[in-house]
Structures are given as C-alpha cells and as structure tokens.
Ligand code: V47
C-alpha cells in the first residue's frame, strides 16, 4: 500500500520501493514536498535494506592544527588572519601531545582538518602525519579535505597525485569529506571564492580514490543555495561514486550563521529540525550508491541526530573530543560525547549499536 500523503511524490514512492534510481526531477519534487514522514519512511526503508537495524558509531578525536586561513570563507567563523590576536598554530609536538592525551578514551581515529595557512610548508603536514603514524600506529589518520590537498599542491608545486602519494607514504589513511560546501562555482564565487573549485574538489577525490584512499563527502546547506543546487550537488557525488566507488559516507552539514560574515550579510538562521531531517532523508534517497549517511551530532544537535536514525541515517559521528569549527559559529552542543552515551542514544531508538573503525570494519556489536 502506498502511504504517501503528498500525491506529488506517489510515483517516487513506487520507484524507491522498486529499487529504481531517482532523477533530478524526482529530487526536486522531494525538495518541494513537506511530507516529512513519507520521506523518512522511504529513507528508513532504503537504510534497512542496506544495513538492517545496525547503527554505526566511531570513537574518534577531531584536531584542528591551525585556524589561520587564506580562504576566509563567508560561512566560516573559525578562520583567522595570521596577525589576529586569537590566531593559533600548533607545533607538531602539540598535535602529537593532544593525540596522546586522547588514547585513554580508546580512540581509533584522528580526524584532522585545518585552515589554509599561508606560511606553513607542505613538509609540516607530511611530518605531522609521519609522527602520528609512528607513535600511534593503531590509530587511523583521516586528514585534510580536498581543499587542503589543493592548497598543498599550490604550496609545493606538486600534482594532486604526488601530494596524495607523499601523504600516503607518510601514513595518511583516508580523507574527510569537508570543503565540498555546494559543488557549484556560482555559489562558490559568492561564499568561498579563494579555494578549490567544484571541479578541483571532485578531481582530487577522483585521484584519491584511484590511489586507493577512501573518503567521505559533505554538503553545507541552509545558506544562499537553492533546492536545485542541493540536488545537483548530490547528483555530482552520485556520478563520481558510480565511477570510483571510493566514497564511504555522506554528511549533510547545516549552516550555523553566528559570528560568520554570511550570517551578518543575510540574516540567515540555522536550518530547523524539519529541514535537517528532510535533507538527511533526501540524501539517503538520492545517493543510492552510498552505503552510509552520517549524522554529525555536533552540528545537528544530539536530539536531532538521534531522531535522524528514523530518517535514513545509519552512522553517528562520534566521540569527537574537541570541536572548533561549529563552536566558533555559535553551536551550543557539547564538544565531546562519551561512547556510552552514543550507545544509549542508539539503543533508545531500538537499534543495534555497532562500533566501527574508520573504514567501517566492525569492532564490536553491542547487542
Ligand atoms: O568544510 C564551516 C563546514 C566543514 C561552518 O568527513 C560549517 O566525516 C556549519 O567537513 N556552519 C568541516 N558548517 C567539517 C567537516 C566534517 C565534519 C564531520 C565529519 C566529517 C567527515 C567532515 O565544516 C567545512 C564546512 O562545510 N563549516 N563553517 C558553519 N558556520
């Protein structure tokens, strides 16, 4: 029985249950619909076909080694100029020390994302990876967005491939999904004109996947982009995934406007819970070739992240420990979550918590 309340999405409902790929027009119709419960039902149906009642989580630590950034994206409250009083740059030793202090939490992953510092040489990043890998060989290093890889190529004069190979040799394990924002150069010109273009972001991911790296992908939504921009973004990722199969998870990130130039210019408010759940559901439905849709509870809020498990999400990130990007932009969430809390959140939704490593190998099932 077709339970869609919104008759405009009835045919999409049938397509999803028949396992057919949704078109751009379907995606736009989903964006138009306010039938959140039908979207959630369909997204959950797709999720359960892939991963049954499992919900993955990981024990990780985020690390931002510098907030100095030449890009100064208009949606960002984290970045600083070199001479700003609250600009900071860690030494390699400080980064290693922070990682060391988190070992007792049982972290299996270090997630490292940084500003685009104008003066630090590429060797700083290579040495950081090398030191971390030497000291903590059992901890997976997921580091450097495609935007940073482009910055390293500019700094070093190396090709994307050689930058990635150098980092791989030093011990880099995989790439995070940041810097994608909206993969449309018109939007990028408005909000992040000084960093990698849409084509470069995709090319770096293509190259990384070809070299054997897995990566994630994100989308920053709720700023100046249109529904068309969001659906086109998802389709670009889906096309690249058809080609490489290298993406592991997709993480939609709601824009937090506080303290950002874009927030001041547009008066934008943070997307509502309704918008978040709708975006997560539509991501699951459009990205039929992605195994995992991930809720980053830091940006969503734990309550929305928990509810999202009924809207197609199968993965909660993570213990995190320290988070600066969203907290600079006014996030009121904590910066860390205990593993036991993540397990409780999942159990309360009557799902099975599964601790994973970065590459989705199962470490423990909490029945
Ligand atoms: O690329 C910056 C976003 C991203 C704001 O790969 C903002 O598993 C909201 O990519 N409001 C970096 N978002 C973080 C990121 C990420 C996070 C969690 C997991 C993974 C993963 C990746 O944060 C940036 C940008 O899109 N961002 N400023 C803001 N004011």
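Residue 1 is the first one shown; counting continues down the chain.
Heads up, the Cβ atoms here are built off N, Cα and C, so glycines get one too.
Because the structure is a prediction, the values reported are computed rather than measured.
As annotated by TrEMBL, domain 'Radical SAM core' applies to 55-291.
Its Cβ placed at the centre, residue 69 ([4Fe-4S] cluster binding site) has 23 other Cβ atoms within 10 Å. Annotation comment: TrEMBL describes 69, 73, 76 as [4Fe-4S] cluster binding site.
Per TrEMBL, the feature S-adenosyl-L-methionine binding site maps to 75, 181. If you take the C-beta of residue 75 (S-adenosyl-L-methionine binding site) and look for same-chain residues 6 or more apart in sequence within under 8 angstroms, you find 181, 191, 192, 220, 223, 255, 257, 260, 262, 263.
Excluding 69, 73, 76, which define the [4Fe-4S] cluster site, the same chain contributes 71, 72, 74, 75, 78, 79, 115, 192 within 8 Å (Cβ to the Cβ centroid), listed in sequence order.
Cβ neighbour count for residue 76 ([4Fe-4S] cluster binding site): 24 (other Cβ atoms within 10 Å of its Cβ, all protein chains included).
Among the binding-site residues 69, 73, 75, 181, residues whose Cβ is positioned under 6 Å from ligand 1 are identified as 75, 181. A mean pLDDT of 97 is what the model gives for the domain 'Radical SAM core' (55-291).
A simple way to gauge crowding: the CB of residue 181 (S-adenosyl-L-methionine binding site) has 27 other CB atoms within 10 angstroms, across all the protein chains here.
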